[in-house]
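Mind having a look at this structure? Questions to follow.
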Amino acid sequence: MTKLSVNINKIATLRNSRGGNVPNLLKVAADIEGFGAEGITIHPRPDERHIRYQDARDLKKIVTTEFNIEGNPIKSFMDLVMETKPTQVTLVPDAVSAITSNAGWNTIKHQSFLKEVIKEFKQNGIRTSIFIDTDLKLIEAAAKTGADRIELYTEEFASQYELGNKDAVKPYTEAAILANKLGLGINAGHDLSLDNIKFFKENIPHLAEVSIGHALIAESLYLGLENVVNMYLHRLK
Ligand SMILES: CC(=O)[C@@H](O)[C@H](O)COP(=O)(O)O
Ligand SMILES: NCC(=O)COP(=O)(O)O
């Protein structure tokens, strides 16, 4: 069984574009849980362009499933995570200016930093996960940091799958097998979608959780658009 954690960054992007509270992020999160999702993911960025730090505090009070906060463990992020104590923190080595996450950790180079940070989160009862590419040496080094899980960075798989290259899943399968042997739990995310998720799931053993946002919200717009246009037409009769 693989859990679905819905990333609601894009709901905050839409809300922030008008400065008001539409859509209401807290209601959307609660509804997503009501529809059956098993987790809520947010990725507050230092510029707060979508999720604000206050959103994390507010969500903590109402999320009843798994709450996953992703981000680069700079001081303000660490403080926020220690304050809100989510179920899981996913460490992502984002540059401040990154449009979206575009790389996993070099767990060899940053081994001692990750160890230190992970120790602190775990002492506070927070499950830790490291965003990572499929390089087996990096997975081995991830196991030495004390992290509970890895999150496989799936952008390369998603873009190759779209081009018809199904073999692109193979490094992910191998990475998952090794991670499992080393005692790491396995999450995955980035550009997963209705098109590629079934194939990915079928090829990744021990897949504990996927976090999906960008495609899921875009798909929700498309799949809901006909209904809403018709509701307007009905009211305009
Ligand atoms: C860690 C990761 O894979 C990202 O997908 C991220 O959580 C999405 O962030 P943005 O919504 O800012 O693109
Ligand atoms: N960790 C990945 C995530 O939360 C969502 O990524 P995406 O679906 O927005 O690409």
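Along the chain as shown, the residues are counted starting at 1.
Keep in mind that glycine also has a Cβ here, set from the backbone N, Cα and C atoms.
Caution: TrEMBL annotation is automatic and unverified by curators.
According to TrEMBL, the protein has these features:
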type	residues	note
BINDING	Asn7, Arg18, Asp191, Gly213, His214	3-amino-2-oxopropyl phosphate binding site
ACT_SITE	His43	active site, proton acceptor
BINDING	Arg45, His50, Thr100	1-deoxy-D-xylulose 5-phosphate binding site
ACT_SITE	Glu70	active site, proton acceptor
SITE	Glu151	site 'Transition state stabilizer'
ACT_SITE	His190	active site, proton donor
What Cα-Cα separation, expressed in whole Å, is found between His43 (active site, proton acceptor) and Glu70 (active site, proton acceptor)?
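About 5 Å separates the two Cα atoms.
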Can you name the recorded positions among Arg45, His50, Glu70, Glu151, His190 whose CA is within 10 A of the CA of His214 (3-amino-2-oxopropyl phosphate binding site)?
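Within 10 Å Cα-Cα: His190.
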Using only C-alpha positions, which one of Arg45, Thr100, Glu151, His190 is spatially nearest Asn7 (3-amino-2-oxopropyl phosphate binding site)? These are the recorded positions in the record.
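Looking at Cα distances from Asn7 (3-amino-2-oxopropyl phosphate binding site), the smallest one goes to His190.
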Is any of His43, Thr100, Glu151, His190 (recorded positions) within Cβ reach of ligand 1, i.e. under 6 A, and which?
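Once distances to ligand 1 are taken from each Cβ, His43, Thr100, His190 fall under 6 Å.
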Cβ under 6 Å from ligand 2: which of the binding-site residues Asn7, His50, Asp191, His214 qualify?
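Correct list: Asn7, Asp191, His214.
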For the binding-site residues Asn7, Thr100, which one has the sparsest Cβ surroundings, going by other Cβ atoms within 10 Å?
Thr100
In the structure shown, which of the recorded positions Arg18, His43, His190 has the fewest other Cβ atoms within 10 Å?
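Candidates: the recorded positions Arg18, His43, His190. Fewest Cβ atoms within 10 Å: Arg18.
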Taking the centroid of the Cβ atoms of Arg45, His50, Thr100 (1-deoxy-D-xylulose 5-phosphate site), which other same-chain residues have Cβ within 8 Å of it?
Asn9, Thr13, His43, Arg49, Ile51, Ala98, Ile99
Do me a favour and check the Cα-Cα span between Gly213 (3-amino-2-oxopropyl phosphate binding site) and His50 (1-deoxy-D-xylulose 5-phosphate binding site); whole Å is fine.
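That comes out at 12 Å between the alpha carbons.
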List nothing but the one residue from Glu70, Glu151, Asp191 whose Cβ has the fewest other Cβ atoms within 10 Å; the candidates are the recorded positions.
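Among the recorded positions Glu70, Glu151, Asp191, the sparsest Cβ neighbourhood within 10 Å belongs to Asp191.
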Of the recorded positions Arg18, His50, Glu70, Asp191, which sits closest to Glu151 (site 'Transition state stabilizer') by Cα distance?
Glu70
Three-state secondary structure of His214 (3-amino-2-oxopropyl phosphate binding site) from DSSP?
helix
Taking the Cα of Glu70 (active site, proton acceptor) as the centre, which of the recorded positions listed as Arg18, Arg45, Thr100, His190, Asp191 lie within 10 Å of it?
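The recorded positions passing the 10 Å Cα test are Arg45.
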